[in-house]
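J.: Pulled the feature table from Swiss-Prot, pasting it below:
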- 1-19: compositional bias 'Low complexity' (COMPBIAS)
- 63-83: compositional bias 'Basic and acidic residues' (COMPBIAS)
- 246-256: compositional bias 'Low complexity' (COMPBIAS)
- Thr80: phosphothreonine (MOD_RES)
- 1-83: region 'Disordered' (REGION)
- 127-163: region 'Disordered' (REGION)
- 227-256: region 'Disordered' (REGION)
- 228-235: motif 'Nucleolar localization signal (NLS)' (MOTIF)
Amino acid sequence: MVAPSGAMSDSENSSSSSSDAEELARCREAATPAWGLEQRPGAAERPEAGAADKQAPTPQPSRRHEVNQHEEDGNDLRTTPEFRAHVAKKLGALLDSSIAIAEVWKKSQKAKMQQVAKEEDGFRLFFTSIPGGHKKEASPRPCRKRQPPSSSEDSDEELQRCREAAVSASDILQESAIHCPAKAEEKKKLKKKAKKKVDNADLAAAPGLEQVKEAGVVNGDPVSLGIQKKRKKKAKKSREAPLCPPAECAAAKPEN
């Protein structure tokens, strides 16, 4: 539906024109000090000595389109009052919802600001120190006291430790090079083995000596005979040495 457009009365036209004129005058008064278009009212009331003949400049007409002077009325959309009421109700509901959301956001922001203010109480000793860190530190766990061991267990452990740490004199003598009978016996055994090897070699060479002797007798060479005698003496000594141990030989010498 379209609302009927009626002509405004003369009294309304006059009141609107007077209010518009007052607004224009106020705007001009506010704009003249900045732009220098007109003089201030105080300056116009107090003219200088040489400016009596000068007149104030005439105000320029406004170029704005005045609503009251055009052909149509103020309702350009030509809406009905019912439609305007419906739109107003919708806008009111929208504004109420936005205001409620804004209040909730403000409450959350206030709570955050209060929390930050509580955390920032005091001062930071270092740049990396966390505010409120001393509150979050967990209390240390209580140390459990060990029960004192019984006397029998303690004595057994001490004896075992002493046995592990103790070293006998025989172990020290065995490891030392001076008092080591086992090593001396090993050396004697090695010497005996070396002598036996030499004796065996001499016995193996005995048939060869006999052949050389026979050859020397046949040839009648005195040098070969002397060599043969020396070899025989060495062979006899090597045979007598293993048969007679050194202790028995020493005991037999004074008897001879």
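Placed from the backbone N, Cα and C atoms, the Cβ positions cover glycine too.
Model, not experiment: these values are computed from the prediction.
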J.: Mean pLDDT over the motif 'Nucleolar localization signal (NLS)' (228-235): what is the value?
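T.: Over the motif 'Nucleolar localization signal (NLS)' (228-235), the predicted model scores a mean pLDDT of 80.
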J.: Which residue counts does DSSP give the motif 'Nucleolar localization signal (NLS)' (228-235) for helix, strand and coil?
T.: 8 helix, 0 strand, 0 coil
